[in-house]
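Peer 1: Here you go, one structure.
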Amino acid sequence: MSKHDSIAAAGAVYYLFGATGDLARRKLFPALFSLYKEGKLAEDFAVIGLARRPRTNEQFREDLYESIVEFSRNKADDKQLWDKFAEHFEYMSLDINNVDGFRELNNLTEKLDAKFNIPGNRLFYLALAPDLFGPVSFNLRDGGLLGSKGWHRLVIEKPFGYDLQSAQKLNEQLSQVFKEEEIFRIDHYLGKEMVQNIEVIRFANAFFEPLWNNKHIANVQITLSETVGVEERGGYYDKSGALRDMVQNHMLQMLAMIAMEPPSRLHPEDIRDEKVKALRSLRPYTTSEEINRNVIRGQYTEGALKSKSLTGYRQEESVNSESSTETYFAARVFVDNFRWAGVPFYIRTGKRLPVKTTEVVIEFKNVPDNVLFARRHDLSPNLLVIRVNPMEGIYIKINAKKPGENNVVQPVSMEFCQSCMIGLNTPEAYERLIYDAARGESTYFTRWDEVAQAWSFVDRIAETWREGSESLQFYPAGSWGPEKTDELLASDGFHWWPVNGQDEDNVIWISGSPK
Ligand SMILES: NC(=O)C1=CN([C@@H]2O[C@H](COP(=O)(O)OP(=O)(O)OC[C@H]3O[C@@H](n4cnc5c(N)ncnc54)[C@H](OP(=O)(O)O)[C@@H]3O)[C@@H](O)[C@H]2O)C=CC1
Ligand SMILES: O=C1O[C@H](COP(=O)(O)O)[C@@H](O)[C@H](O)[C@H]1O
């Protein structure tokens, strides 16, 4: 058996709806190319790009090439390989609302099945606005595209609805055509290497597994910070805001992976069962008083980052000049179950913050204070930091004796910097997720009950905001968000740990520092 035979996904036709869009260009084309170059797509596949605007196959392949030159981690420097790859791509102009176009698409499919010896499998990737998900599904069915002898799967992008009600409606539409196990809801954070690593760090280490509870963990901090503003996405973002754009999906998914119970088997359904149980245990905030005490919403005003001046959110193009949409969200949330009772999870996300980073900090409780060292020294708590993005790795802070001094304790740290490893060109999230969908591996896709549970948590907050009893806090672009966010932790005796190892000056490194 060749290397290709052992790792390649089953042959299929990939229908890329939204093929002229931003996501296809920046993420999906490069992902398909890397999968091909690394042998994860064999020769029995075809990609049909679909959108309304006219394109010839040649123009489409040029777009493909440009996208790979600009965005791919793998270079298209082997002409022979490139030509072979590009040959699998065809373009068809199609309006989603026109069912006749889908019949024509069926004819093209049959032609490609025969050309590339494809066994009838179909993967429909909807890189489209969510209001088109229902119409596409119905027209796929009515146009005869689901009657083939192989499997068919639907991959859909976020946002999955605007609130629980719209998500339910969307789900009802999809489920008239596809079974739940055929629907792959993308949350691209679940495709990130270090998010997938959370399970391994938790369940494969005798160091951590016994300590992973309220007896030993003081608090958990999750930061998803971005330096970018809303850019040209104002039309979408101004209706969505940070709560719907980042918290309902990425943030709560990461929280669920940190908080969930160990699954009995490493089977997708068992893992997703545990995640949904964790989401169900989130303490619902039901009164505006609870929300105001535990939740902060902010919006950036003009400011500066690295000496570059930045406009405020309300001055961004395609944003309402009186918008009260939040570009920042922070909260103290509780997972009300036996494992986590009393442990605050502090979560924050925002645009126009000082650094781009995704990090999870687990702060452990100190040793009992009747122990000699805890009494005599101001001990720094032990930390486990899972660095997701852009640095990938694990950082651990512990206490040790200061060399040459008696009874003096010094924090020391150990770092595993995965992204510093030379030659390690790890797959991007979209590569993993497309590959998984093509193999029918659904662990890192969100199941309907998880999505619904996350919406019901988020909806309560959004409803209170709508009633207007909260105050929107403003923060200058380039700062760490509204000042009140620090008070959230200070009132519990904690503080945010600096991200990206920025507090490391007072720490002795046991192994290589990232600096
Ligand atoms: N861009 C990103 O980084 C991310 C995007 N997403 C999600 O992915 C989806 C796509 O986003 P993005 O690529 O940015 O959006 P774009 O607006 O860039 O692209 C939309 C695509 O849909 C096509 N389209 C629109 N209407 C129709 C129609 N009636 N019939 C056929 N095709 C149509 C457009 O082509 P044409 O005009 O030629 O018809 C275009 O190819 C959205 O749900 C978004 O929220 C999620 C995460 C990140
Ligand atoms: O889904 C989204 O994610 C991006 C951030 O993704 P990352 O992989 O770069 O961390 C965010 O900018 C965007 O607003 C949101 O829709």
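Cβ coordinates come from backbone N, Cα and C, glycine included.
Unlike curated records, TrEMBL annotations are generated automatically.
A quick note: this is a predicted structure, and the numbers were derived from the prediction, not measured.
I grabbed these lines from TrEMBL:
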{"type": "ACT_SITE", "residues": "His250", "note": "active site, proton acceptor"}
{"type": "BINDING", "residues": "Gly18, Ala19, Thr20, Gly21, Asp22, Leu23, Ala24, Arg25, Arg52, Asp95, Ile96, Lys158", "note": "NADP(+) binding site"}
{"type": "BINDING", "residues": "His188, Lys192, Glu226, Asp245, Lys351, Lys356", "note": "substrate binding site"}
{"type": "DOMAIN", "residues": "16-197", "note": "domain 'Glucose-6-phosphate dehydrogenase NAD-binding'"}
{"type": "DOMAIN", "residues": "200-497", "note": "domain 'Glucose-6-phosphate dehydrogenase C-terminal'"}
Peer 1: Can you give me the average pLDDT across the domain 'Glucose-6-phosphate dehydrogenase NAD-binding' (16-197), rounded to a whole number?
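Peer 2: A mean pLDDT of 96 is what the model gives the domain 'Glucose-6-phosphate dehydrogenase NAD-binding' (16-197).
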Peer 1: Of Gly18, Thr20, Ile96, Asp245, Lys351, which binding-site residues come close to ligand 2, meaning Cβ under 6 Å from one of its atoms?
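Peer 2: Among the binding-site residues listed, those whose Cβ sits under 6 Å from ligand 2 are Asp245.
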Peer 1: I'd like the Cβ neighbour count for Gly18 (NADP(+) binding site), meaning other Cβ atoms within 10 Å of its Cβ, all protein chains included.
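Peer 2: So the Cβ neighbour count for Gly18 (NADP(+) binding site) comes to 21.
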Peer 1: Determine, from DSSP, whether His188 (substrate binding site) sits in helix, strand or coil.
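Peer 2: Once the DSSP labels are grouped into three classes, His188 (substrate binding site) ends up as helix.
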Peer 1: About how far apart, in whole Å, are the alpha carbons (Cα) of Glu226 (substrate binding site) and Asp22 (NADP(+) binding site)?
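Peer 2: That separation, Cα to Cα, works out to 19 Å.
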Peer 1: Where does Asp245 (substrate binding site) sit by DSSP, helix, strand or coil?
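Peer 2: Its secondary structure by DSSP: helix.
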Peer 1: In Å, how large is the greatest distance between any two Cα atoms among His188, Lys192, Glu226, Asp245, Lys351, Lys356, the listed binders of substrate?
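Peer 2: Largest Cα to Cα distance for the substrate-binding set is 20 Å.
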Peer 1: C-alpha of Ile96 (NADP(+) binding site) to C-alpha of His188 (substrate binding site): distance in Å?
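Peer 2: Here the two Cα atoms lie 24 Å apart.
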Peer 1: Listed recorded positions: Lys192, Glu226, Asp245, His250, Lys351, Lys356. Which have a CB under 6 angstroms from an atom of ligand 1?
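Peer 2: Near the molecule: none at all.
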Peer 1: Other than its own, how many Cβ atoms are within 10 Å of the Cβ belonging to His250 (active site, proton acceptor)?
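Peer 2: That number is 21.
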Peer 1: Write down the Cα-Cα distance for His188 (substrate binding site) and His250 (active site, proton acceptor), rounded and given in Å.
Peer 2: 8
Peer 1: For the binding-site residues listed here (His188, Lys192, Lys351, Lys356), which one has the lowest count of neighbouring CB atoms within 10 Å of its own CB?
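Peer 2: Result for the binding-site residues His188, Lys192, Lys351, Lys356: minimum number of other Cβ atoms within 10 Å at Lys356.
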Peer 1: When a 10 Å sphere is centred on the Cβ of Ile96 (NADP(+) binding site), how many other Cβ atoms does it contain?
Peer 2: 24
Peer 1: Roughly how many Å lie between the Cα atoms of Thr20 (NADP(+) binding site) and His188 (substrate binding site), rounded to a whole value?
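Peer 2: Thr20 (NADP(+) binding site) to His188 (substrate binding site), Cα-Cα distance: 20 Å.
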Peer 1: Please work out which residue of Asp22, Glu226, Asp245 has the most C-beta neighbours within 10 angstroms of its C-beta, and give that one of the binding-site residues.
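Peer 2: When each Cβ's neighbours within 10 Å are tallied, Asp245 leads.
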